[in-house]
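Student: Structure in structure tokens, see below.
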Amino acid sequence: MKEGNQSSTLGFILLGITGQQQQEDVFFILFLFIYPSTLIGNLLIILAIHSDIRLHNPMYFFLANLSFVDILFSSVTVPKMLANHLLGSKTISFEECLTQMYFMIALATTDSYILAVMAYDRVVAISCPLHYTIFISPRSCFLLVVGSWVIANASALPNVLLTSSLSFCGNQEVANFYCDISSLLKLSCSDIHFNVQMMHIGVGVFCVPLMCIIISYVLVFSIVLRVPSTKGVLKAFSTCGSHFTVVSLYYGTVMGVYFCPLTSYSQKDAVITVMYTAVTPMLNPFIYSMRNQDMKAALRKLFSKRISS
Ligand SMILES: *[C@@H]1O[C@H](CO)[C@@H](O)[C@H](O)[C@H]1NC(C)=O
């Protein structure tokens, strides 16, 4: 136990995305483009929504929240990866490692709950438009957003506390480019039975919103199909289409990680990890603004205001 604690204070070695130098170089260049695009894209979404009074409604406030979480989410892993690559270092301290793990769990879960809140918002808008302002009042919006953050942090905290009490004797090589909980648990020489159970609860908490989203879509489709006009159908599909794309991308990639765990390196795992840590947060703003006329108009206005002033 004493020996274990001693080695844990030395920190860990992040082996990288594939563990091979040449491929790490390629990913470094890729992330060098992806990360700034993520920051700028999501920041523009937040600015456009907050500067255009026509977008001051719950749907867009939730979207701004999603962008905010995406900025934080990619900032937890990517800058450290870029810095380590530049410095030719692979180390991460024990504290940094746990911090990364905490924010990865908390932010991924927050993202998941905000996607569910967005689905709920669309269901109410489509199924009872007359009572929309009652169900989705400013107060309930606030509670839904705060609730998402509280649940996510309550899920991350016990997982990280339990991991921090583990002993790591000898092997400190994390088979990933950031400290993710499953890679770290594999390195421990303590009994991880309870940790694994806690991690499964965390995965459960993460997946609850997915169930709600699926139910929401079933409700939306059953309502839309009862509407006789094709115009109504098209309108409903256009407001749900972007959300559906983001949801499939997000859960698809995260599920990929859980169903094919990173036991050893493989090309497929590397691609999935890069997808959900870096590519999905970058794509969200593009998916929402490309298909949405109001969003496009708000962005245009944002730019013309900047240019004229
Ligand atoms: C998040 O949503 C809340 C409630 O709708 C809103 O007041 C807040 O401005 C949003 N946050 C961002 C970053 O847009």
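Glycine is treated like the rest: Cβ placed from N, Cα and C.
What TrEMBL lists as domain 'G-protein coupled receptors family 1 profile' is 41-288. The transmembrane segment feature in TrEMBL is assigned to 26-49, 61-82, 102-120, 132-152, 201-224, 236-258, 270-290.
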Student: Sequence gap of 6 or more, Cβ distance under 8 Å, 3 or more pairs: do the transmembrane segment (201-224) and the transmembrane segment (270-290) meet that?
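Tutor: Contact between the transmembrane segment (270-290) and the transmembrane segment (201-224): absent, because fewer than 3 Cβ pairs are under 8 Å.
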Student: I need to check the long-range neighbours of the transmembrane segment (61-82): which residues 6 or more away from its ends have a CB within less than 8 Å of a CB in the stretch?
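Tutor: Same-chain contacts beyond the flanks: 14, 28, 31-32, 34-35, 38-39, 42-43, 45-46, 49-50, 92, 96, 100, 103-104, 107-108, 110-111, 114-115, 117-118, 121, 141, 144-145, 177-178, 277-278, 281-282, 284-285, 288.
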Student: Given a Cβ distance threshold of under 8 angstroms, which distant residues of the chain, six or more beyond its ends, lie next to the transmembrane segment (26-49)?
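Tutor: Long-range Cβ neighbours of the transmembrane segment (26-49): 16-18, 55-56, 60-61, 63-64, 67-68, 70-71, 74-75, 78-79, 81-82, 85, 177, 270, 274, 278-279, 281-282, 284-286, 288-289, 295, 298-299, 301-302.
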Student: Do the transmembrane segment (236-258) and the transmembrane segment (132-152) come together with 3 or more C-beta pairs under 8 Å, pairs six or more apart in sequence?
Tutor: no
Student: Grab the same-chain neighbours of the transmembrane segment (102-120) for me: Cβ-Cβ under 8 Å, and only residues 6 or more beyond its ends, written as numbers and ranges.
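Tutor: Counting only partners 6 or more residues beyond its ends, the transmembrane segment (102-120) has Cβ contacts under 8 Å with 59, 62-63, 65-66, 69-70, 72-73, 76-77, 144-145, 147-149, 151-153, 155-157, 159-160, 178-181, 202, 205-210, 212-213, 216-217, 243, 246-247, 250-251, 254.
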Student: For the domain 'G-protein coupled receptors family 1 profile' (41-288), what is the mean per-residue pLDDT, to the nearest integer?
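Tutor: Value for the domain 'G-protein coupled receptors family 1 profile' (41-288), mean pLDDT as a whole number: 87.
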